[in-house]
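Annotated features in TrEMBL:
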- 47-68: region 'Disordered' (REGION)
- 53-68: compositional bias 'Basic and acidic residues' (COMPBIAS)
- Phe134, Ala135, Ile136, Tyr139: UDP-N-acetyl-alpha-D-galactosamine binding site (BINDING)
- Asp226: Mn(2+) binding site (BINDING)
- Glu316: active site, nucleophile (ACT_SITE)
Amino acid sequence: MCPLHRAQLNFWGNRTKSCLCLILLFAVLLGFYSNVFSLIPRRQTEKSQSSPEAHHVQGRRESLTLSEGDGHLDSCRIPEVPRLLYPKAQLLKPLRVDVLVMTPWFAPVVWDGTFDSALLDVQFRNTTIGLTVFAIKKYVVFLRLFLETAEKYFMVGHKVIYYVFTDRPADVPQIALQDGRQVVVLHVGNYRRWQDISMHRMEMISNFSRRRFLREVDYLVCLYVDMKFSDHVGVEILAPLFGTLHPGFYAADRQSFTYERRPLSRAYIPRDEGDFYYAGGFFGGSVPEVYRLTTACHQAMTADQAQGIEAVWHDESHLNRYLLSHKPSKVLSPEYLWDEQMLQRPPLLRKLRYVAVPMNHTEIRSR
């Protein structure tokens with residue numbers, strides 16, 4: 001081979017190798033950048049390619065995902081408070097020194113003098129409150145006084161839906177309501193024993209929370225019907241989860257509480273455990289939290305029934321078991337549940353806000 005021909009081959013060989021190296025380098029760089037760009041959200045591309053209908057469906061799906069778990073999202077936000085004139089809190093001058101005002105888990109205990117109603121009303125101004133009450137069999141006779149006193153004292157100035165569970169819809173009285181308030185009658189069956197009515201209350205609140213309360217209200221307040229309001233009961237009670245101190249045990253030690261003490265029951269609480277004894281006639285919270293509470297209590301009662309056991313105080317026993325494991329974020333003092341016929345009013349109770357109505361329990365429960 002002549003030197004010239006050999007030089008030409010070397011030239012083209014070296015050039016080919018250089019081209020191949022460049023091609024390989026380009027391919028490597030292309031692969032690297034394609035991986036990098038694949039990590040960057042293609043929101044603009046997707047936006048340009050998707051239709052308005054697709055955006056509408058996606059928006060609804062995102063909204064449902066958020067609302068199903070958290071109920072009304074607005075109730076979880078810290079509200080903006082407009083300019084108000086109110087007394088300044090004095091750190092060195094507590095409003096109450098005669099009672100416990102904070103639990104060990106930093107939940108406030110609500111007593112008269114520990115809150116400012118005007119300030120709280122502004123914070124909860126866009127809130128809708130649901131009130132559940134059961135008027136089964138002869139208990140329907142308590143409805144008129146219950147609703148009339150509620151209109152006078154309960155959540156005055158706020159939107160309220162009274163959910164009346166009853167087997168006698170025709171006997172629900174018609175009363176004058178404030179603007180933004182309504183009575184919704186929910187027709188349910190009755191049971192032979194009053195204990196069964198009491199225990200199925202949890203099941204019904206759970207079912208209706210899932211079916212409609214989540215869409216209609218921000219908070220639920222669950223009360224007994226054989227009571228009347230006698231003083232202000234407002235948004236100071238509202239919290240993700242709240243319970244009320246039982247008037248018969250607010251000053252007792254835990255060994256005296258009438259918890260369910262049989263280990264076989266799902267409501268069992270040992271004698272060395274317990275914070276307070278909560279009343280079954282006044283509890284509540286945000287709709288998702290009330291749904292969790294009532295569902296858990298219903299499931300526990302169903303499990304007990306399968307074992308042939310019934311908790312000593314029925315749904316109240318299971319409520320206390322749940323609130324021991326799921327600490328309430330607010331505790332209401334006995335001002336919010338009292339029986340003047342059975343208990344002498346102590347000086348520490350400045351107000352009685354929700355009190356029992358005198359009745360013959362045996363006669364009412366047997367009909």
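Glycine is treated like the rest: Cβ placed from N, Cα and C.
With the residue listed as 'Mn(2+) binding site' as the anchor, the candidate recorded positions are Ala135, Ile136, Glu316, and the one with the nearest CA is Ala135.
In the shown protein chains, 19 other C-beta atoms lie within 10 A of the C-beta of the residue listed as 'Mn(2+) binding site'. In this structure the C-alpha atoms belonging to the residue listed as 'active site, nucleophile' and Phe134 (UDP-N-acetyl-alpha-D-galactosamine binding site) are separated by 15 Å.
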